[in-house]
Amino acid sequence: MNDTDGVRSDDAPAGTAKSDAADKVGAGLPEQAGDSATVQTVTINKPRQELYSYFRDFSNLPAFMDNVERIEVKDRQLSHWVVKAPAGATVEWDARVTEDRDGELIAWTSEAGADVPNSGRVEFRDASGGRGTVVSATILYDPPAGVVGKLVAKIFQREPAIQARRDLRRFKQLMETGEIATNAMNPAQAREKEQG
Amino acid sequence: MRALTWHGKHDVRVDTVPDPEIVNPRDAIIKITSTAICGSDLHLYDGYIPTMKAGDILGHEFMGEVVETGPKSTLQKGQRVVVPFTIACGQCFHCGKQQFSACDNSNPADNMDIAQELYGQPFAGLFGYSHMTGGYAGGQAEYVRVPFSDVGPIVIPDGLDDDEVLFLSDILPTGWMGAENADIEPGDTVAVWGCGPVGLFAVQSAFLMGAERVIAIDHFPHRLELAKKFGAETINFEESKTYEALMAMTGGIGPDACIDCVGLEAHGLFGDNIIDQIKVSTFLGTDRIHAIRQAILACRKGGRVSMPAVYGGFVDKFPLGAFMEKGLTLKTGQTHVQRYLPGLLNAIAEKKIDTTFLISHRMPLERAADGYKMFHDQQNEATKIVLKPGMVEA
């Protein structure tokens, strides 16, 4: 499926490997940062170009990435990310686009000094059967303070794999329906939920 | 506003809670005029459904008047609408195939995690039915926020009472889809397990779809009488042996189609029920599936089994061998309510389907907790309880 991934005997994405998933994912990235891997995939009933264009303007991302407090777009390649962490803290990093194919793929890596080193790519492919676009996010990250930090993050639901899955669902909701589903009974409750 | 809230097993209360407001552009706020207690609300009442939280507002069968609309809602203030219990966006792949209860987008992203882990994929949000299905506040209240109000609610023309159309929200389309899933052919004999509201609507629907005979199975005499009124033959499983009776009544062939309208809290002192019940109460957690076991054994070879009944988790002693060897087909699912609304509204207006026979009690919302207890304890007499906010009792 991904010709840039390492040598494997099947067609399953590298992020689903039973062992050494992070290494296998990293082998397919221009520049690798982070040693835990997750791959999340969603099919969105919209054309590839439309989804790519919305995503490529990083200032749009906080609309559906609940954990991202803000993104300062410095230029076409560089951006600064401020992201919520467990227990009310935030983590920050500069991200640089390492590969960019119009309507197809965006890859990035965090720059030196990142609180949570990470890298990855988001791919946009035509779905089979005319079902729109398959969007897959492959993310490598160093969880804060190793295994314990990962556990803490998971308890507080700030685990990057869980967040990535939810972010893609919200991206789909926003692109397909124009809004993000919420069970909030009023705007105040909705804001509380967003701030988690 | 006042609303019926869940606090634990057999503990529901009418509390004062914040009024709902427009949150998303496609929302509408409905002022409830009628809302019913559903058999599946009893699963919540009995504590069988996980992921409930104290204070959750229950109710997924409701209708009322539009009092507020978001900028993208197509409803207008003052319209009377019935709201489907399944929330659907109308724009995802599944909604495009009219599989509205499989909507990709109506369940909030965070709530989808539970179903993704338990069931493999998340499904649509439902009103008032646990956090796995979205944690949406339900309609046993004075007001409710209805997301995607441009897709779900159906506008009711003047001249039709609440009592005639309220059940479009769930049980009528659920009974109808239960019969549709049985792929009924002319000349068929159809057996229906459970003569609760869904079962009784399945009986009516099966006849409308061309069944020659319908055999209805229950143990409440009053419910069997209602089934008989619609032309069904009956089996009272406390007086007769169900499998033997079905075989005798079908010339040894078995029913062509079997519809399970019972679900995870099957009644009756059957060996398998008792074992299932012990497991549930000792947290070994299997659903009680006596009805579907019996349906599979009784169904004729090559026949069809339809299962509108609600199940939650895992089952034990599912007769997979019988199911395979007899070459049966099983169809099931939460109801794709939106798919059936225009047709069923017409059938009601043309008096082809009667729904009002079902209502045994009407009471103010304030008495909702009594209503739950009555519906739970008096299943023979209490066939359907409708709550009306603001109603003054005679």
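Positions of Cβ are set from backbone N, Cα and C atoms, glycine also.
Marked as domain 'Alcohol dehydrogenase-like N-terminal' by TrEMBL: B:25-153.
Taken from TrEMBL, the feature domain 'Alcohol dehydrogenase-like C-terminal' covers B:197-265.
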- request: Pull the DSSP breakdown for the domain 'Alcohol dehydrogenase-like C-terminal' (B:197-265) and write it out as helix, strand, coil residue counts.
  value: 29 helix, 15 strand, 25 coil
- prompt: What are the DSSP helix, strand and coil residue counts for the domain 'Alcohol dehydrogenase-like N-terminal' (B:25-153)?
  reply: 22 helix, 34 strand, 73 coil
Task: Please give the average pLDDT for the domain 'Alcohol dehydrogenase-like C-terminal' (B:197-265) in this predicted model.
output: 95
